[in-house]
Amino acid sequence: MATNENLPPNVIRQLAKELKNLDESPPEGIEVIVNDDDFSTIFADIEGPAGTPYENGVFRMKLLLSRDFPHSPPKGFFSTKIFHPNIATSGEICVNTLKKDWNPSLGLRHVLLVVRCLLIEPFPESALNEQAGKMLLENYEEYARLARLYTGIHAHKHKNKSKTGAICESTTALNVGQSNSTVPSKNIPSAPALVSTSASTKVLGIQDQNAAPSDPSVGSSTAHKKDGPLAAKIPAEKRKMDARKKSLKRL
């Protein structure tokens, strides 16, 4: 396994600086995976550019750095299967920046941007995948169909759960638990007061009406409105008073 020991100290320092910059300020549509223990292999996830057959896909690629880097260019490979003229079925990338146009002053950012640009504008004239190159020139619709098919099958977006997502999931779980504790289950009989509120109100009303009123005037007014059992519940003192009134009238 390659380690940082395979690279000169000055190259390691330069790479560390570049990787830190890429991590803090990543290029559009590119995410670099940093491994502090091994700078000789650089991984990156490249988003398929909008308006291309690679849209909505994420492609994993890697750059392999030799010991004489940056005097010699890195070698580029796609780990994700892709149907593209300049990417071989083995994943090898063919682009002039990594071959005859290489310059030691070019940094990793430039290389990654060039690779992503290949997804926007392929070069069928220097095709590693001859089938894709020929199809691109002769039947673009079929080329685009196959490229989209490969993208849909192999270039799935990575669903990394962020802390925010975990918090949302936990909150949802708590809400579900609370709703389950509030809404009665089918196996548990519901409280009568919640189901038959009007019936319980009527029962309470009868009980209040049947209770002996503290004020006789209130009791008498209620008796005019409600017939039946209320008359039988008039206090004995009131009956005696009415009897005395009748006897006084007779006199």
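Placed from the backbone N, Cα and C atoms, the Cβ positions cover glycine too.
TrEMBL entries are annotated by machine, without manual review.
Positions annotated as active site, glycyl thioester intermediate by TrEMBL: CYS94. All chains included, 18 other C-beta atoms sit within 10 angstroms of the C-beta of CYS94 (active site, glycyl thioester intermediate).
Residues or ranges marked as compositional bias 'Polar residues' by TrEMBL: 209-222.
Positions annotated as compositional bias 'Basic residues' by TrEMBL: 241-251.
Under the heading domain 'UBC core', TrEMBL lists 10-156.
According to TrEMBL, the region 'Disordered' annotation covers 209-251.
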Next on the checklist: Suppose you look only at the domain 'UBC core' (10-156); what would the mean pLDDT be?
Outcome noted: 94
